[in-house]
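Take a look at the structure set out below.
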Amino acid sequence: MKAGQIIGKLGRIVFLVFIIAISTVPLLWTLVSSFKTNKEIMDSAFSLPVSINLDNYIMAFKYSPLGTYFWNTFIITVFCIFFGLIIFSMSAYVFARFEFKGKNFLFALIGMSMLVPTSALIFPVYKLMNAMNLYNTKSGLVLVYMAIAMPAVLFVLRSYFLTIPREMEEAARIDGSGFLRTFITIMLPLVKPAMATAAILIFMASWNDFIYNLMLSSGNNARNVSVALSQFLSMFGSDYGQLFAASFVVVLPSILLYCLLQKRIESALLAGAVKG
């Protein structure tokens, strides 16, 4: 192997190690610090805890609305994923397989909406939710988060549907299978990787949101964990152990979901890159 190739390979390894480090070290630091007392954190922020202490987690749930907000976020996210996968998968299938007037323009318009910062739409969305009597409701937030996730989800699902040969659907129709049966029994099982990616995208839009939840909810009825963290900071700003515990509780579902769906996500993104 030539010297240039060796240097290039070492450079890639160093770069990958650097990326892994900046991705995992903050999470590991948060986890380790969540088991430490305030004194341990102040004495040495990067040391290991003297003992595994769950008091920070217990206190975080006991003296703050974190548990209530966590449940709100869970309910909203589950409904977003459930209805989002049903509606967006059928919409993406229509964009991939059917021809109708204005299809390309409509899909381009949906794609261009990804260029608009979601924060720029806060005021009109706020007015719309009030007009529809959906302010401070979980159903209103479900609609908002689905709308935010829609462009990216449609792009991923449509790209994956385009990789599936039309002959499979034609064979099903010859056997007497209708549109809905073909879609449910043949197409959906083939796009499981893309559905996993879509679930992650919808999850991220609903679970990680802060600004829309803050503007469209009040009290404990529909607020989520991101808002809970901001309130937690004002309530227990000097209690770093509880802050670390609450932070790790908030990010843990995202980590678990990605670990469970990692292989399907990679497959969907590769297929979309090749075809889309």
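Every residue gets a Cβ built from N, Cα and C, even glycine.
Just so you know, TrEMBL annotations never went through curation; they're auto-generated.
What TrEMBL records for 12-32 (among others) is transmembrane segment.
Under the heading transmembrane segment, TrEMBL lists 69-93 (among others). Sequence-distant contacts of the transmembrane segment (69-93), counting only residues of its own chain at least 6 positions beyond either end whose CB sits under 8 Å from a CB of the stretch, comprise 138-139, 141-142, 145-146, 149-150, 153-154, 157-158, 161, 183, 187-188, 191, 195, 198-199, 202-203, 205-207, 220-225, 227-228, 249-250.
What TrEMBL records for 70-261 is domain 'ABC transmembrane type-1'.
Positions annotated as transmembrane segment by TrEMBL: 105-126 (among others). Long-range contacts of the transmembrane segment (105-126) within its own chain (CB-CB distance under 8 A, at least 6 residues past either end) are made by residues 95, 135, 144, 148, 150-152, 154-155, 158, 211-212, 215-216.
If you look up TrEMBL, you'll see 141-161 (among others) marked as transmembrane segment.
If one looks beyond the transmembrane segment (182-207) by at least 6 residues along the same chain, the residues whose Cβ comes under 8 Å of a Cβ in the stretch are 73, 76-77, 80-81, 84-85, 88-90, 93, 141-142, 145-146, 148-149, 152-153, 156-157, 159-161, 164, 168-169, 172-173, 224-225, 253-254, 257-258, 261, 263-269, 271-272. Annotated transmembrane segment per TrEMBL: 182-207 (among others), in sequence order.
The annotation transmembrane segment is assigned in TrEMBL to 240-261 (among others).
Residues 76, 79-80, 83-84, 87-89, 91-93, 95-97, 107, 110-111, 113-114, 118, 125, 129, 134, 187, 191, 193-195, 197-198, 201-202, 204-206, 209, 212-213, 216-217, 222, 268-269, 271-272, 275-276 of the same chain lie 6 or more positions beyond the ends of the transmembrane segment (141-161) yet place their CB under 8 Å from a CB of it.
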